[in-house]
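Peer 1: Input: one structure, supplied below.
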């Protein structure tokens with residue numbers, strides 16, 4: 001009877017101990033370590049399992065100091081207790097402490113050794129892991145797998161292969177890992193040999209082999225293997241689909257996608273990205289719209305597709321929809337939207353994205369800083385761009401180039417030169433891109449002497465050989481300064497063949513300074529280089545029109561029709577209340593506020609006439625009467641956008657207008673005068689640069 005009571009008590013204590021250990025572990029797993037400790041302290045009888053559980057709980061909750069204190073208080077320890085201490089330190093990335101405990105252990109088993117090997121592998125200390133592995137008194141299947149898997153993860157495929165061949169038991173997990181490692185190294189045929197030799201394969205093995213073929217651009221072989229796969233899962237279907245999308249075979253991908261029995265989010269995302277890369281925006285949007293569930297990558301892929309194709313308005317629209325649905329934009333999404341904001345000059349959205357980046361602490365990255373600076377520069381907010389630049393004590397070359405390019409596009413040559421001369425003292429030497437930016441700045445600001453000095457010292461001072469882009473900037477600089485003959489001499493002295501940008505710069509100078517003789521030479525060279533470029537025809541027509549050579553204008557226009565060359569349509573846009581309004585020449589018929597815009601145009605036209613404005617009809621090349629030409633000029637897209645800005649934006653707020661082409665001379669003169677008669681600041685970004693109009697003056701000083 002006494003013996004029976006003893007057995008029952010031991011059974012009770014053991015079962016109670018197991019239950020207590022379970023409760024401590026449960027509380028620890030859900031982060032309630034303090035409750036676990038209270039429960040532990042309340043135990044009248046603390047079994048060794050309970051001690052091990054609470055020590056492990058402290059480690060799991062990132063409290064190694066408290067775990068060690070409890071371990072030291074244990075009156076009795078077994079090998080499980082010591083293993084728990086080693087594993088706990090390893091979980092907390094404290095490999096030195098783990099090794100010290102390992103050396104102090106009164107006894108070790110295969111779990112102790114394997115834990116240390118795994119710990120060293122986790123820390124990237126492969127040499128120590130190998131040394132310990134080969135010292136192990138005995139190894140089990142887990143030991144081999146840990147060492148083998150660590151070598152594969154570290155990219156040591158040759159060593160992994162040798163170890164694989166030595167393994168006493170090659171289970172399906174080990175073989176699958178070996179196949180994956182070999183495929184990542186491009187050794188796909190070697191991987192296939194292992195695959196074919198396997199007696200047992202699971203769905204992961206098949207998918208790994210298919211993925212290996214896909215990663216090595218052998219999509220057709222992957223498809224053959226996929227077709228004979230005994231059991232296909234969502235992952236295997238998706239892997240095969242990715243093979244088509246990542247290799248650019250979007251038609252095959254589309255066909256495969258249609259027959260997929262399940263269409264997981266990752267597969268739909270792949271199709272959106274694939275369609276986006278080949279410009280099939282409507283198909284990408286159809287996939288997007290049909291999705292029941294979307295993740296961050298879905299929105300990012302669709303926004304990127306719009307951005308890549310130049311559908312900036314749709315990208316902004318989608319970003320707004322994303323916010324309404326409470327989806328937090330990812331870093332790549334924010335960068336894509338910043339690029340869109342820069343293109344559209346959408347300052348309000350740009351500021352909003354900047355705030356997102358600050359909240360997510362992404363704004364301390366120099367790459368992000370460069371993108372932000374570009375956005376602010378293109379929105380006409382140069383002061384904000386400079387503030388971003390000044391935040392960084394250590395700047396990379398891209399940041400320097402961004403701010404110099406920004407000053408250049410705004411015609412602020414002095415500021416650009418100041419920044420340029422600060423570069424060497426900061427430890428950053430100008431590169432090819434920097435020199436293009438500073439030469440452009442000198443050209444736009446009329447800094448001929450400084451610009452020529454930089455150009456002539458490029459090789460000796462900065463070790464940069466002039467490229468065709470540098471020559472183009474210098475030709476433009478000379479041409480803007482009226483030194484058209486010297487510009488031609490520079491072209492003739494070039495050691496590299498001048499391209500269309502060089503001849504285009506000369507042709508632009510010929511227009512500004514009425515050099516019809518050299519204009520014909522430049523135009524001929526441009527027609528040879530870019531026979532389909534409508535800009536050359538238009539510029540030559542404009543030069544002839546300015547000299548009233550209407551017969552020559554007609555010849556140029558006829559040649560355009562003969563060669564099927566059409567002029568790229570001009571458009572301008574303005575952001576009002578987080579909405580971008582787009583205008584084309586004369587194109588306000590579909591605008592909901594058409595009548596009010598026309599009234600504002602009539603009002604400004606009247607003010608201009610009173611101020612003595614005389615339209616320059618040479619900028620209208622159509623064969624129509626003078627009255628129609630005058631009316632056509634006032635309907636240029638930039639004039640429509642300015643009128644809308646006057647109509648909608650309150651006084652004191654700058655009117656920011658963007659245009660995809662170079663502003664014509666008449667619109668430039670008209671907007672200058674509009675800024676005076678309306679007492680409004682107008683900022684116009686055209687294809688070449690920024691124009692800041694204020695009180696009848698322009699920042700370009702009519703030098704553009």
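Cβ coordinates come from backbone N, Cα and C, glycine included.
Below are the features I grabbed from Swiss-Prot:
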REGION    502-577  region 'Type E motif'
REGION    578-609  region 'Type E(+) motif'
REGION    610-704  region 'Type DYW motif'
REPEAT    16-46  repeat 'PPR 1'
REPEAT    82-108  repeat 'PPR 3'
REPEAT    109-143  repeat 'PPR 4'
REPEAT    144-170  repeat 'PPR 5'
REPEAT    171-205  repeat 'PPR 6'
REPEAT    206-232  repeat 'PPR 7'
REPEAT    268-294  repeat 'PPR 9'
REPEAT    295-329  repeat 'PPR 10'
REPEAT    330-364  repeat 'PPR 11'
REPEAT    396-430  repeat 'PPR 13'
REPEAT    431-465  repeat 'PPR 14'
REPEAT    467-497  repeat 'PPR 15'
TRANSIT   1-12  transit peptide
Peer 1: Take every residue in the region 'Type DYW motif' (610-704), average their pLDDT values, and give the whole-number result.
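Peer 2: On average, pLDDT over the region 'Type DYW motif' (610-704) sits at 82.
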Peer 1: Near the repeat 'PPR 15' (467-497), which residues from the same chain, at least 6 beyond its ends, have a CB less than 8 A from one of its CBs?
Peer 2: 432, 435-436, 439-440, 442-444, 446, 448, 451-452, 455, 458, 503-506, 508-510, 512-513, 515, 518, 521, 703
Peer 1: Near the repeat 'PPR 3' (82-108), which residues from the same chain, at least 6 beyond its ends, have a CB less than 8 A from one of its CBs?
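Peer 2: Here the qualifying positions are 52, 55-56, 58-60, 62, 64, 67-68, 71, 115-116, 118-120, 122-123, 125.
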Peer 1: Which sequence positions outside the repeat 'PPR 14' (431-465), separated from its termini by at least 6 residues, show Cβ-Cβ distances below 8 Å to it?
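Peer 2: Sequence-remote neighbours of the repeat 'PPR 14' (431-465) are 397, 400-401, 404-405, 407-409, 411-414, 416-417, 420, 423, 473-474, 476-478, 480-481, 483, 689, 700-701, 703-704.
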Peer 1: Using DSSP, how many residues in the repeat 'PPR 13' (396-430) fall into helix, strand and coil?
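Peer 2: Grouping H, G, I as helix and E, B as strand yields 26 helix, 0 strand, 9 coil.
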Peer 1: What counts of helix, strand and coil residues does DSSP assign across the repeat 'PPR 11' (330-364)?
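Peer 2: Reading the DSSP string over the repeat 'PPR 11' (330-364) gives 27 helix, 0 strand, 8 coil.
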